[in-house]
Amino acid sequence: MTVRIAINGFGRIGRNVVRALYESGRRAEITVVAINELADAAGMAHLLKYDTSHGRFAWEVRHEREQLFVGDDVIRILHERTLADLPWRELGVDVVLDCTGVYGNREHGEAHIAAGAKKVLFSHPGSNDLDATVVFGVNQNELRAEHRIVSNASCTTNCIIPVIKLLDDAYGIESGTVTTIHSAMNDQQVIDAYHSDLRRTRAASQSIIPVDTKLAAGITRIFPQFNDRFEAIAVRVPTINVTAIDLSVTVKKPVKASEVNQLLQKAAQGAFHGIVDYTESPLVSIDFNHDPHSAIVDGTQTRVSGAHLIKTLVWCDNEWGFANRMLDTTLAMAAVGFRLDASASTKL
């Protein structure tokens, strides 16, 4: 079965989803039938072909009127502002990947379904009333056919949750703090300009900028047992891609740094292969650009204090890794089938 998807929003994540689909060789499993984006077709084609972070796309890209051609594939281009007007039923869409960053609650998901989509996957955490929030590699096996409106969480949640699970299963986490060192994003300014967040009025290329984060809430959404036991802060730094996360946890069992690294390296080679990677090479952020893993543990930075306080540094390509997980979750949603009875929905 080939899953027919539509993409709503062709920004950083939407474009990387298309690139990842073609580069990963999954076109026999997933077909993009339509992209809804308010920008014009010429701009869409150009930014798909040329990307400052990820380089030139290897596939031929062109557009004619309201059609985007990727190799021999034809993708319909839409410019609808209203979700109810999207022709998902006409196009036979199985799953909508909503990558706008604007929509993310149950009402928005139901609008896609009313327009004819069978399921919806949001590219950000979304509201608490969705059917499921999935961190692929950790809880995708809990998906059911009735889970129609799903969130793929965030790039940072996908990065840190597998590591938290591994440490908790092995040593028992008491509490933790997280600092996200995140590349600049397009909600920041090129030069000083107005923004509702006064820190984000400042030029992104000239400062390390503290911003709000809901990562702690994202952790407890996946692991409710950690409610009020994790806190998170975030800063944006003057790079355009790749993120590092500084994770500190207190654990019940005494442990050594070498044992932590052995645990994480074994997981990267085994149960979490393809999701978690492990390195002890002397690398910097640019070296993780275009890395498809959700998390890359930097074993050179693991520390243990007093046998119970663990500090780790985890890298991720916040665009490419997350785009690959969007594809993984899409296939997982399709694999459990499509149940169209809305009353049967049960929350994960």
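The first residue you see is number 1, and the count goes up from there.
In case you wondered, yes, glycine gets a Cβ from its N, Cα and C as well.
If you look up Swiss-Prot, you'll see Arg12, Ile13, Arg81, Asn318 marked as NAD(+) binding site. On its own chain, Asn318 (NAD(+) binding site) has Cys155, Thr156, Cys159, His182, Ser183, Asn241, Val242, Thr243 as residues at least 6 apart in sequence with a Cβ closer than 8 Å to its own Cβ.
Among the features that Swiss-Prot reports, substrate binding site is placed at Ser154, Cys155, Thr156, Arg200, Thr213, Lys214, Arg236. For Arg200 (substrate binding site), applying a Cβ distance below 8 Å and a minimum sequence separation of six or more within one chain yields Asp187, Gln188, Gln189, Ile209, Val211.
In the three-state DSSP classification, Cys155 (substrate binding site) falls within a helix. Per Swiss-Prot, active site, nucleophile is recorded for Cys155.
The site 'Activates thiol group during catalysis' annotation in Swiss-Prot covers His182 and rests on sequence analysis. His182 (site 'Activates thiol group during catalysis') falls within a strand segment according to DSSP.
Taking the Cβ of Cys155 (substrate binding site) as centre and 10 Å as the limit, one finds 24 other Cβ atoms among all the protein chains shown.
Sorting the binding-site residues Arg81, Lys214, Arg236 by the number of other Cβ atoms within 10 Å puts Arg236 first. Less than 8 angstroms from the CB of Arg12 (NAD(+) binding site) sit Asn186, Glu319, each of them six or more residues away in the same chain. Within 10 Å of its Cβ, the residue among the binding-site residues Thr156, Thr213 with the fewest other Cβ atoms is Thr213. Here Ser154 (substrate binding site) is positioned 24 angstrom away from Arg81 (NAD(+) binding site), judged by their C-alpha atoms.
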